[in-house]
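This report refers to the structure that appears directly beneath it.
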Amino acid sequence: MNTSPSEQIVRRNRFDAMKKLFGRARRLADSGTHGFVLVILMVCGLQFLLSALFALPWGGLVSANCRWDCAWYEQIMRSGYSALPHFDPDQAGKADWAFFPLYPLFARQLALLLPFGFLTTGLLLNLALWPLLIFLCHRELELRGITINRLTFALFFALFPLNIWYTAQYSEAIYGVALMAAIIALRENRVPLAAVCVFLLSLSRPTGFILTLCLAGWRMTASQDPTASSRKRLSDGLLLIAAGGAALSLFTLYLYGLTGDGFAFAHVQIAWKRHLRFFPLVILYGLLTPALLGFTLSAVLAIVVIVRMWKQSWRLPAILVGTTALLALSSGVVSIERYIFANPLTIQFLACTSLAKPVSTYRKLFLDLVILRIIAINLWYAPTFVLM
Amino acid sequence: MFRTLLIVTLLSFDAFALWRGLHPHVSDTYRDYYIAHTIDLPTFLAREKADLAKNPAVPTSH
């Protein structure tokens, strides 16, 4: 298509203005921690505006983002855990015991201090944690000696299509922050701080304690501190297991008092038709069931990404994401795209591999991300059975 | 010394919670559906409702 010389000049000017803007943002991000934090906040602000724009037809951000499990979190925020399961036909047999307490109870306490409702407070909490998580993910890469441009890294995280749960009323943000903070604390040899982080991690999601076991094993076998004796490493590992176990124990004893079953959080999964099976059979069943095909393809893609992580020497992330995938796929394929592709370690890995390509490919990459993100937002707001 | 004491205390607490978890104090209906998986959902609901009708003051899952 031919364009007139005046149009060409306008386009050229726009391109130069964008280039100048990105140059300034890049310099600000590279100027130090404060500059980087400012850039992350600006990028998250843009992401927030994009989400808010598409949320307008759905009654605004708060109600548009409250989909699927959000109703369970809201119930816990509003009235605590219930002693009995649901008997109504839609939710028969299901109960809120499956949802770990850190996110809903933290949001509930915040709601008592802030002049907003439970759902708004839950959303605000996640909107505050999301920039912190991006910062922690970049910090963790720095500790591993991986250099990546700060601005493009923040942009990748903000535009990544499957980050929608970080700006919804879900426990992903608090879980992600606890996980990355625990890894950073261990890399910096701050084991007591890591113990606090794994306590929070185990209190936020069912996989938290299993990941704590992985982190403890990593600490005991591949310590960051070469001068640490084997006895010290064993002590560090045991402290992590004891701290993570204490969080799980608190919830277990609470549920025992409430329902008579300390492991009700696991037993109630049967109401969602989730029970332990050999995971290749779960994938095979998913491939043969049209309604589960989307989730199953996500599961296959997840396995490919985990293998690539391992091959590229991302050993600890591969173990942590692989364990999460194994646990999730041993009971079903539904929501696997959230468990794996919304995991901060996966986004971090995908950012590093995508941004390692020549700078000339970035324009197409970010354009693709914007389009996919808009599709993801709308699939979430609709809501559909594609993203859960 | 403090760290060892802390680890021992926390692990003892964890062991106690594990023991509690392994010994649930629940009704037969609850056990059959949620733990043993020997009855299906409609049977569970029918039995829970029957138990509730017999004794409405007591939550049947306990």
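Glycine too: its Cβ is placed from the backbone N, Cα and C atoms.
All TrEMBL annotations are machine predictions without curation.
Feature annotations, reproduced from TrEMBL:
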type	residues	note
TRANSMEM	A:36-58	transmembrane segment
TRANSMEM	A:110-136	transmembrane segment
TRANSMEM	A:148-164	transmembrane segment
TRANSMEM	A:193-218	transmembrane segment
TRANSMEM	A:238-257	transmembrane segment
TRANSMEM	A:278-310	transmembrane segment
TRANSMEM	A:316-336	transmembrane segment
TRANSMEM	A:365-382	transmembrane segment
Selected stretch (most C-beta pairs under 8 A with the transmembrane segment (A:193-218)) from A:148-164, A:238-257, A:278-310, A:316-336, A:365-382: A:238-257
The transmembrane segment (A:365-382) vs the transmembrane segment (A:148-164): 3 or more CB pairs under 8 Å: yes
Long-range Cβ neighbours of the transmembrane segment (A:36-58) (under 8 Å; 6 or more residues past either end): 25, 28-30, 64-65, 127, 130-131, 134-135, 138, 150-151, 154-155, 157-159, 167, 373-374, 377-378, 381
